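Quick notes on the structure that follows.
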Amino acid sequence: MSYEKLLERFLTYVKINTRSNPNSTQTPTTQSQVDFALTVLKPEMEAIGLKDVHYLPSNGYLVGTLPATSDRLRHKIGFISHMDTADFNAENITPQIVDYKGGDIELGDSGYILSPKDFPNLNNYHGQTLITTDGKTLLGADDKSGIAEIMTAMEYLASHPEIEHCEIRVGFGPDEEIGIGADKFDVKDFDVDFAYTVDGGPLGELQYETFSAAGLELTFEGRNVHPGTAKNQMINALQLAMDFHSQLPENERPEQTDGYQGFYHLYDLSGTVDQAKSSYIIRDFEEVDFLKRKHLAQDIADNMNEALQSERVKVKLYDQYYNMKKVIEKDMTPINIAKEVMEELDIKPIIEPIRGGTDGSKISFMGIPTPNLFAGGENMHGRFEFVSLQTMEKAVDVILGIVAKD
């Protein structure tokens, strides 16, 4: 179905810079997310007819309710999207609207080209309306496409009270891109039987498996002496960091893994001879494999310290989130409903693991099973990001179908 305000709504949202800040201790981590919630989304939610619209300063979530129009539909269902965008330039976002007929797309005057040679997924969108960047910023379809889709679906239902639907709760939250958005999620306030994050990618994505995730921060303590007299005295902290990294499996890195394969990812390394620091993320799907990865990292550090006869490798290892499959597979109702709706709409469900995490990972373990629905974004987190208007429209259709199911 075509929705008059969907594109306009999306373009309004993406032009607002809501990039999160991993170095901030505030909630949300940027004031722009608060402003977006209070000055843009909250008035709009109230205007389209949502009830009990309220902002929770304790966790940065904006929540609203659309009351049920049917006593027959007993489920209470939530839809969640995040307001922040990823760690890439989000200042002065200038979207392009392209009626795509194939070939390359020039991204404004930036000199960058969105080409099917580099991104074969473009070939799936011939004849569709694409929204791209101008090559200087990201787009923010992750996850403002989700916000626009949820808002459009709620507006449609509020303006068509004759449509039977269950009670619906909507939540727009902060800081998903830096992994802390759902840390303070208020399950009691949201109060639904199950929910969906609308934060996926291409048409048909329906996901209930995520990585289990850990962070690993290492500090290597060296001993700096003059290199001319260093024999048997110098301990080079940078070399220790390299030694640690060399003992991790070489073929278990992000660039060499896919599907259900886990990895170690070194994403930051800095230091001097005297002290060096390295930061990793550890990811895997199965609990036993996840534990093995963490144990290996700890064992390498312990063995290095034993060989050095002192604690020169200091380890901070902490869990970040877990594979929500463990929760959702106990009751597949939200998956079965979404799958049935997609099939009725001639959308092929793509049920594959998320090689990442969503807010739903944490929310599921808090007590609300929360799988992930497609929102349409492609090539997310950078200048080559784009989204199809037609895919966004179908995401709205899916939301409308879900809330009408018993």
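Here the Cβ of each residue, glycine as well, is placed from N, Cα and C on the backbone.
Fair warning: this is a prediction, and the values are worked out from it, not measured in the lab.
Some features that Swiss-Prot has for this protein:
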type: ACT_SITE; residues: Asp84; note: active site
type: ACT_SITE; residues: Glu176; note: active site, proton acceptor
type: BINDING; residues: His82, Asp142, Asp199; note: Zn(2+) 1 binding site
type: BINDING; residues: Asp142, Glu177, His381; note: Zn(2+) 2 binding site
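For the recorded site, His381 (Zn(2+) 2 binding site), the DSSP three-state label reads coil. Within 10 Å of the Cα of the residue listed as 'active site', the following binding-site residues from the list Glu177, Asp199, His381 place their own Cα: Glu177. Same-chain residues that are not part of His82, Asp142, Asp199 yet have a Cβ within 8 Å of the Cβ center of the Zn(2+) 1 site turn out to be Ser81, Asp143, Gly146, Glu176, Glu177, Thr197, Val198, Thr358, Ala375, Gly377. When the alpha carbons of Glu176 (active site, proton acceptor) and His82 (Zn(2+) 1 binding site) are compared, the span between them is 6 angstrom. Of the listed binding-site residues His82, His381, the Cβ environment within 10 Å is emptiest of other Cβ atoms at His381.
His82 (Zn(2+) 1 binding site) sits 8 Å from Glu177 (Zn(2+) 2 binding site), counting Cα to Cα. Close to the recorded Zn(2+) 2 site, the chain also has Thr85, Ala86, Asp87, Phe88, Leu138, Asp143, Met380: residues not among Asp142, Glu177, His381 whose Cβ is within 8 Å of the site's Cβ mean position. It is Glu177, among the recorded positions Asp84, Asp142, Glu176, Glu177, Asp199, whose Cβ has the fewest other Cβ atoms within 10 Å in the structure shown. For the recorded site, Asp199 (Zn(2+) 1 binding site), the DSSP three-state label reads strand. According to DSSP, His82 (Zn(2+) 1 binding site) is assigned to a strand segment.
Recorded residues His381 (Zn(2+) 2 binding site) and Asp142 (Zn(2+) 1 binding site) have their alpha carbons 8 Å apart, per Cα-Cα distance. It is 11 Å from the Cα atom of Asp199 (Zn(2+) 1 binding site) to that of Glu177 (Zn(2+) 2 binding site). The two recorded residues, Asp142 (Zn(2+) 1 binding site) and Glu177 (Zn(2+) 2 binding site), show a Cα separation of 9 Å.
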